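As written in Swiss-Prot, here are the features:
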type    : residues                           : note
BINDING : E43, D68, N117                     : S-adenosyl-L-methionine binding site
BINDING : K121, D153, T190, E191, Y192, E193 : substrate binding site
Amino acid sequence: MRLRKKWWARPEMEASPLCIVNPKDYKGKWREEFKNDNEIYLELGCGRGDFVTNIANKHPEKNYVAIDLKDEVIAIALRKITESEVQNVRIAPLQIAFINEVFDKDEIARIYINFCNPWPKDRHKKRRLTHTKFLTKYKEFLKPNSQIWFKTDDDGLFVESLDYFKECGFQIKFMTYDLHKSGFDKNIVTEYESKFLKLGINIKFLIAELK
């Protein structure tokens, strides 16, 4: 997704109490930020914020942290979150390679990874958010029995991710190659998901649990 530079993005981010512009400063302090002891769920690559806004509205008893890289993307998502008036979301700019510098041990109870870049070339596969390189980082801050919910349209990424999860000690609790015909009733449809469905592309989905 290529977006033009938006001059207003960083000032809006810095002015909003919902945006954490220096997330590394909050390691071990996220419960203080939310001012409660509710479980914290993490979305990696939140895009325009549709998913996190909808799920936070549906589950006010949980806290959500949404991460993306570019200010232009964060700012659009921030406006959506702000307009929805949800208070249980914080959004932050971050290169996900540094995600283990943002959360402390047992600080996160669930991770959502929705339609991440599949990086199909062999030399790029270590950039996948489901690669063992990243899963090892997530394990540093996930609570025992935490889950990763992973959705993709890409067959190759999905199949290889199954191996990544198993290699890193996760147990596959649920898996389907066609989410919308699986009977799974806890799905929140994302913007990309809607587009893929219109094209007749099956959505692959799994829940991996950390043991």
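Even glycines carry a Cβ here, placed using N, Cα and C.
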Given the binding-site residues E43, D68, N117, which one's Cα is the least distant from that of Y192 (substrate binding site)?
N117
Any idea what the Cα distance is from N117 (S-adenosyl-L-methionine binding site) over to D153 (substrate binding site), rounded to a whole Å?
10
CB neighbours of K121 (substrate binding site) within 10 A?
8
The one of E43, D68, D153, E193 whose CB sees the fewest other CB atoms within 10 Å, among these binding-site residues:
D153
Cα distance, E43 (S-adenosyl-L-methionine binding site) to T190 (substrate binding site), nearest Å?
12
Please state whether DSSP places T190 (substrate binding site) in a helix, a strand or coil.
coil
Cα-Cα distance linking E193 (substrate binding site) and E43 (S-adenosyl-L-methionine binding site), given in Å to the nearest integer:
15
Name the one residue among K121, E191, E193 whose Cα is closest in three-dimensional space to that of D68 (S-adenosyl-L-methionine binding site); these are the binding-site residues.
E191
Sort out for me which one of N117, T190 has the most neighbouring CB atoms within 10 A, since those are the binding-site residues we care about.
T190
An 8 Å radius from the center of the E43, D68, N117 Cβ atoms defines the neighbourhood of the S-adenosyl-L-methionine site; name the other residues of that chain inside it, in order.
L44, G45, C46, G47, I67, L69, I96, I113, N114, C116, L129
Starting from the Cβ of E191 (substrate binding site), draw a 10 Å sphere and report how many other Cβ atoms land inside it.
13
